[in-house]
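As annotated by TrEMBL, transmembrane segment applies to 5-23, 29-52, 64-84, 90-113, 125-145, 151-172.
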Amino acid sequence: MGFECLPYIVALFSSTLWLYYAFLKGDALLLISINSFGFAIETVYITLYLVYASKNIRYNTIKLLSLLDVAVFAIIFLLSYFIFDGNIRVNVVGWICVAVSVCVFAAPLSIVFQVVRTRSVEFMPFFLSFFLTLSAVMWFAYGVLQKDLCIALPNVLGFALGLVQMLLYGIYRKSKPVVIEEKKLPEHVMNIKFLGTPEVHPVDSKTCENFEDKKEKKDEEICAINLEMEPCSPLKVQKDAPTLIVCAA
């Protein structure tokens with residue numbers, strides 16, 4: 001129904017990285033608590049997505065989950081832990097968290113484009129946009145008070161995108177949705193000629209001289225005579241269209 005797995009997977013990746021950053025920084029109880037909750041709830045979302053997804057989508061989701069949330073995080077953890085020390089390690093992981101958080105805030109842009117294209121706010125609830133905006137404001141204030149640029153900076157973008165979403169909701173909440181018509185497949189045309197007995201005889205579109213079995217041709221002629229019809233009259237049909245003679249009592 002238009003939902004994709006990427007926002008959930010990126011959000012889980014972001015929560016994992018912020019947990020790692022919080023443990024490296026120390027004395028960051030709020031970061032640990034909120035991202036632990038985020039890790040748990042995103043795991044539930046992805047699990048439900050895998051349960052109800054089709055086979056191909058489930059395979060692609062598992063592949064993306066393994067690549068980003070397992071392999072990439074493992075690489076970041078190993079490189080930062082064994083190459084950098086002390087505050088340098090904290091800063092490197094922090095700026096990586098900033099980049100990922102920007103991706104998380106940018107993920108709803110696809111929904112924004114869909115709202116503009118369809119003029120429907122079905123997949124962009126107002127309260128979701130409102131609380132995301134409020135959350136960005138509060139975390140920005142927290143980052144400023146803690147003098148932590150890695151926390152404050154990405155929430156500036158979150159606040160801006162939240163305002164855009166609420167503005168679009170106000171514009172399109174009463175608009176009539178645009179229905180996007182799907183292309184129909186070409187229909188197969190079959191010409192049918194009704195005679196009078198419960199028998200079906202395939203005939204050529206130009207003449208009925210192509211009956212291979214004489215008995216079938218004789219039965220067709222008798223049927224046509226009883227109905228006072230011409231037994232071998234040409235049929236006008238569409239080019240390359242198969243034709244059936246249907247004799248119904």
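Residue numbering: from 1, along the chain as shown.
Glycine is no exception: its Cβ is also placed from the backbone N, Cα and C atoms.
When Cβ distances are compared across the two stretches, the transmembrane segment (5-23) makes contact with the transmembrane segment (64-84), since 3 or more pairs at least 6 residues apart fall below 8 angstroms. Using the rule of three or more Cβ pairs under 8 Å, pairs at least 6 apart in sequence, the transmembrane segment (151-172) is in contact with the transmembrane segment (90-113). Remote same-chain residues near the transmembrane segment (90-113) are listed as 4, 6-7, 10-11, 13-14, 17-18, 20-21, 24-25, 76, 80, 84, 123-124, 136, 148, 150, 153-155, 157-158, 161, 164-165, 168 (criterion: CB distance under 8 Å, separation of at least six residues from the stretch ends).
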